[in-house]
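Worksheet for the structure shown next.
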Amino acid sequence: MQNPRLRIALVYGGQSAEHEVSLRSARSIFDAMDRSKYDPLPILITQQGSWYSMPAEAASFDPSVSPARSNRLIFSPDPQHRGFLKVDGESGIQPMHVDLVFPVLHGTYGEDGTIQGLLEMAHMPYVGCGVLASAVGMDKILMKKAFRENGLNIGPYFWFFRAEWESDPDKITAKLKSAHFPLFVKPANLGSSVGISKVSDPSGFEAAVNLAASYDRKILVEDGIEGRELEVSVLGNDHPKASVAGEVISHSSFYDYEEKYLKDTAELVIPAELPAGMLQKAQEAAITAFRAVDGSGLGRVDMFLTPDNQVVVNEINTLPGFTSISMYPKLWEATGLPYAQLVDRLVGLAQERHREKLTIRTDRKPV
Ligand SMILES: Nc1ncnc2c1ncn2[C@@H]1O[C@H](COP(=O)(O)OP(=O)(O)O)[C@@H](O)[C@H]1O
Ligand SMILES: [Mg+2]
């Protein structure tokens, strides 16, 4: 008998500012999945956080489609339930079999370790980074500490809690004496450039901090780095590999939300044209950054290449945009790994990580 197809839950949407981007990423993955191997099952998390199973068709990823109330799901953290339970008014609660989850969720409650924690509790195999890498990759301050500890170049920065700003703003503004404008003021835990301001002189600092503080309890202030913006895709578990580098050429004052999703002005150059030896340097930095946060599966590492050829690492995204025209898969395509095969590799890596976890003891009986 033939092997049954793997039932893969594509969990998408989510309680995040990046909800709609997730619909597009999930649609691309759904379209690319080889139906002889996989049986993809779309599962929508609404902006309000409710879970629904959706028909296995492309229309399920349309932002204007509402889920049927009768297709409500519960995700149980009890491993005996094997994850998903269907809430059916007539027959009560029914288990719904799924072999593996592909969380295609960007930003909060998806890329930050929260759903990964739920999947871990249920012993459900899943694609991508675990709880720690996701959470560290989401917090730009802890991420920098992990990068620096692992010998990566990062730019000058300082950070503070919103409560400190509220109680003693002068103490914070005093730090501007040793900072170099323009500055980038950011909420520590967000993505898609939301809440980020570029500040060119001290008069703009207060408004920028207030904006960032409306999104997070922790605020990060970085010196602006002069340089080209490069991105490198990483794939793997214990032996991660790096793709060729891509370059983002922004035509705004920086690569902001509008340019990422609303306007078509930013250019993505794949592969980036680099001076001799720089590709290798960028790839090494990407792999070091991935390992620094203990990444698994995938990650896109974003960095600056300064005029004197220094690589300054900006961030890792543990669930980068995944539409067929997104940088992460495009970089792999340019490295010789087409989109559908990339999905295969990610599923394989998720299975490998899951098998490894099964070998880890959770008791303390003598051997
Ligand atoms: N220190 C910096 N120097 C120069 N440009 C920066 C700096 N920090 C951020 N930027 C610009 O702002 C964009 C968004 O910042 P980033 O830290 O990547 O946040 P996000 O997680 O929202 O993508 C970057 O792609 C870059 O264009
Ligand atoms: Mg970024």
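Any Cβ shown, glycine's included, is placed from N, Cα and C.
Just so it is clear, the model here is predicted, and its values are computed rather than measured.
In this structure, E18 (active site) belongs to neither helix nor strand by DSSP; it is coil. E18 (active site) has a Cβ environment of 25 other Cβ atoms inside 10 Å. Annotation source TrEMBL lists active site at E18 (among others).
Long-range Cβ neighbours of S192 (active site) (same chain, at least 6 residues apart, Cβ-Cβ under 8 Å): A17, E18, V21, H106, G107, Y257, K260, Y261. DSSP assigns S192 (active site) to coil, not to a helix or a strand. Taken from TrEMBL, the feature active site covers S192 (among others).
Per TrEMBL, active site is recorded for S326 (among others). In sequence order, S25, S28, P320 make up the list of same-chain residues 6 or more apart from S326 (active site) whose Cβ falls under 8 Å from its Cβ.
Proximity of E315 (Mg(2+) 1 binding site) to non-local residues of its own chain (separation of 6 or more, Cβ distance below 8 Å) is seen for G137, K140, M143, V301, D302, given in sequence order. As annotated by TrEMBL, ATP binding site applies to K140, 184-186, 192-193, 222-229, 314-315.
D302 (Mg(2+) 1 binding site) has a Cβ environment of 20 other Cβ atoms inside 10 Å. For D302, E315, the entry in TrEMBL reads Mg(2+) 1 binding site.
Look at TrEMBL and you will find E315, N317 tagged as Mg(2+) 2 binding site. A 10 Å cutoff on Cβ-Cβ distances gives N317 (Mg(2+) 2 binding site) a total of 23 other Cβ atoms nearby, all chains included. Secondary structure from DSSP puts N317 (Mg(2+) 2 binding site) in a beta strand.
The annotation domain 'ATP-grasp' is assigned in TrEMBL to 144-348.
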### Task
Can you check which residues sit near E222 (ATP binding site), meaning Cβ under 8 Å from its Cβ, same chain, 6 or more apart in sequence, and list them in order?
G155, P156, Y157, L183, F184, K186
### Query
Taking the binding-site residues one at a time (K140, R228), which has its Cβ surrounded by the most other Cβ atoms within 10 Å?
K140
### Summary
As a whole number of Å, the Cα atom of N317 (Mg(2+) 2 binding site) is distant from the Cα atom of V185 (ATP binding site) by 19
### Summary
Long-range Cβ list for E226 (ATP binding site), cut-off under 8 Å, min separation 6+ in sequence, same chain only, gives F304, T306, P307
### Query
Which whole-number mean pLDDT does the model give the domain 'ATP-grasp' (144-348)?
95
## Note on the structure
What DSSP gives for R228 (ATP binding site), in three states, is strand
